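All remarks here apply to the structure that follows.
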Amino acid sequence: MADISNRKLIVEVCNAKNLMPKDGQGTASTYAIVDFDGQRRRTKTIFRDLNPRWDEKLEFSVLDAESLAAETLELNLYNDKKSTGKRSTFLGKVKINGTSFSISETTDLVYYPLEKRSVFSQIKGEIGLKVWLEEDKIPPPPPEEQKSSEAAPPPPSAAAEEKQPEKEENRANEEKKEVEKSGEENKPPEDSKTEEPPAPAVVQAEDEKAVVARKSPNLGSSESEPRYHGGGGGGDRRRRSAYDLVDRMSFLFVRVVKFKQSKPEPDSLAHAKLVIGTHSIKTKSKAENKEWDQVFAFEKEGLNSASLEVSVWIDKKKGATDDNSAESSNLGNVTFDLTEVPKRVPPDSPLAPQWYTLDGKDSPGNDVMLAVWIGTQADEAFQEAWQSDSGGFIPETRAKVYLSPKLWYLRLTVIQTQDLQLGSGATEPKFKNPELYVRAQLGAQLFKTSRAMVDSSSFSSNPTWNEDLIFVAAEPFEPFLVVTVEDVTNGRALGHAKIHVTSVDRRTDDTSEVRSRWFNLVGDENKPYGGRIHVRVCLEGGYHVLDEAAHVTSDVRATAKQLAKAPIGLLEVGIRGATNLLPVKTKDGTRGTTDAYVVAKYGPKWIRTRTILDRFNPQWNEQYTWDVYDPCTVLTIGVFDNVRYKHDEAGKQGKDARIGKLRVRLSTLDTNRVYTDSYSLTVLLPGGAKKMGEIEIALRFTCSSWLSLIQAYASPMLPRMHYVCPLGLAQQDILRHAAMRIVTARLARSEPALGHEVVQFMLDSDTHVWSMRRSKSNWFRIVSCLSKAAAFAKWLDEIQGWVHPPITVMVHVLLTAIVFFPHLVLSTMFMYAFLIIGLRFRHRQRVSLHMDSRLSYIDAVGPDELDEEFDGFPSTRSPDQVRIRYDRLRALAGRAQMLLGDVAAQGERLEALFNWKDPRATGIFVVVCLLASLVFYVVPFKAFVLGSGFYYLRHPRFRDDMPPVTINFFRRLPSSSHQIL
């Protein structure tokens, strides 16, 4: 008998730091209560210590390994009531998702910040934990027990069967009482005014297994059942149909398994042929003792016959697969009436193949094993089946799910070098003050430190840098990080060192210490030892590596799985179909055609639908799901024309053509609501914008807990390391493009490959490229935002000019009320905002998924500007064309230059007023300030505000047409514009 393996969850509670004092004497007596899957454990109490250390290991049984990812480990810290004599007080809590549990006891110590239970909790500090899973091996029973177990007991009677559920129920109640009793011993006394730990939810293994619903593997489902996690950490395990957002498509499935001959022929191969009207397909050639085991899926709407004919052909000569050749002979056929074919819908079990006798005149008695049924795209056999609408067994037309590689930031801190040999050879020249720098390379990424000048009076030197070089590393990692010390003076390398990336330390926050290391520098053949270098290398797991543009990011989670959080909801996308697609290429040089497929990306998961060949109105009807960790993220959907499945004469693949793209920001979607609509597909080409058709998409964003959704809006957008140790904007841009190149290269190496042109189009890798169209679009976006302020200024000018006298009188009354009742100003403003914004809810704009052509400014852009946008680096256009574009850019930059100069002049005038650059102007200002101080000392502030308001709103007949004195005085102040050459 094999060993029985029971998984256990081990939680080692190590220590806590900087806790909040709760005993009234500046300290705290702390103990921890840990809950997992209805089980509760308690640590000992550490008295009067704000930095307690327990070093206790707590064990929990894993009742159901399949639902482990949906469980949540919760730890609550309390101040022991024995130290205060009153009641136990709450010190903080930590929640850890089941997906972040390690499987090795050598896991690193991770410090988790303590979280509040409510808004009014006063919590601070962090706790260090180690959490891992281990296998508990139970040895097999002794031989006597095995023999006794082999003797099967007699079957129970009916009365015993009726009593057995009662015994199991009593046993479950006894276990529940024991768990509740153990929880009461560790539970603090109840108090309505005190935050208490929640009671454990007792979950039995039988009930847990009954709740977990298993999905049959199909195209539209994710790898595991989606689970929803609310603020309480519980799992709301709902089960929905895998295809409730799309239409069910009927397919005729034929599974051909094998055949059997009455008179076997040696040294012969056979293949099966399926014929439905004009549709004809055959299997691979196999020998009699080998199985075909191939599935064929025919779209039912495209069938032009009511019968299916399956025939078996013998290839007497190995390698002959042509059924029309003289070497092939027919063993017989079997015919099915499609009106009598049974229907199957998952989760029904697969239809068992049966033997059917072939009707053959020459060789009777031959059989073929097959199964025929009518199903949908939800059938588990659909993924690997030959599909009539996507070209059969072509790998490049199949539906696939891709995963982006896990990305890390690798930080290399170059500290110093020692024992460098600077021109120590007899033939090597010596320089007085050589300049050195360190060059580091990881794959295709290359970074250098600044230059350090050293004194070469001695044969050795110890230059110091203390600079950080940051790379993007993807799992599986590149084997080596190569560090080279080079001399700029004579252009030679003094030595290099190779660092194994897999041996580099990992850290999740800035408090973890990373050890520094010395590496020997390997020189050339004449000098095998070139000195040594002191560096510090670590993999940063507390950052999120951006591989998308910041405004369209779809994932903001940290790299380290110890910092993983539970998902707050589920995003379901149904890709239904497209209509009125335009032809992208020609078929046989006679007519246009389109082979369309859809790519969607959210987080690290990419999906690709099957390619529908030669159709302008393709219907995919595929549904996919993603876990949502942050609602302020973006889903990207792109439509492409498949060119890669066809190879040219040289065996090379073409590039897939763009048809269109749309994006969905999840924060604009209502929860638990289905959005189904058609959206236009517009693509920008060198000849201008072109509408390529429409795509029909169904969306649903479900969230089980409003509290978790609201908490997400209050949390930082990026992980903590982005704010504690921020990266520069230029450095972030460099690293983002490096991450894009890595993701593009990795997905291009998949099988079938996701083309680099597809990945770059989905990731918007060209957003940094200069575009006159994008510049105009951004400018008009700024103008649109400032138009609200301009409208307010215009309204204020109308009030001042008494265009509408009743409104101006009301403004006078409002000003008087504000002056005499200032305590009502803020409350009135917020109530006004509440009413105005609340009333606008009914007229809110619906979700818009299409690309806005007006906002993109594609209708008013010239052909030369579009050609400039599609031109690469370096430019491939003629010198005259480049000169025209350069002159146009100079004119635009000249206007921007004047605008910047005017803005700078206003600030310089204000600075000149305080620095006596114009003595007379500053003297006048000083005298006015003195008089103003005396006036405000005598005049009440309310009277000044009221008088100033009435003066500003005076009637036009009492107002002069010339600018006011203050504006004239400010414009006469000097600036630095006259000092510029």
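Cβ atoms are placed via backbone N, Cα and C, with glycine included.
As annotated by TrEMBL, domain 'C2' applies to 1-111 (among others).
Positions annotated as region 'Disordered' by TrEMBL: 135-239.
What TrEMBL lists as compositional bias 'Basic and acidic residues' is 135-148 (among others).
The compositional bias 'Basic and acidic residues' annotation in TrEMBL covers 160-196 (among others).
For 233-356 (among others), the entry in TrEMBL reads domain 'C2'.
The domain 'C2' annotation in TrEMBL covers 389-519 (among others).
Look at TrEMBL and you will find 552-679 (among others) tagged as domain 'C2'.
According to TrEMBL, the feature transmembrane segment maps to 813-839 (among others). A Cβ distance under 8 Å defines the sequence-distant neighbours of the transmembrane segment (813-839), meaning residues of its chain 6+ beyond its ends; these are 942, 945-946, 949-950, 953.
Sequence-distant neighbours of the transmembrane segment (924-953) (same chain, 6+ residues past either end, Cβ-Cβ under 8 Å): 799-800, 808, 811-812, 815-816, 818-820, 913, 969. Residues or ranges marked as transmembrane segment by TrEMBL: 924-953 (among others).
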## Note on the structure
Here the mean pLDDT of the domain 'C2' (552-679) is 89
### Query
Could you give the number of helix, strand and coil residues in the domain 'C2' (233-356) as assigned by DSSP?
6 helix, 54 strand, 64 coil
### Task
With DSSP as the yardstick, break the domain 'C2' (552-679) down into helix, strand and coil residue counts.
7 helix, 65 strand, 56 coil
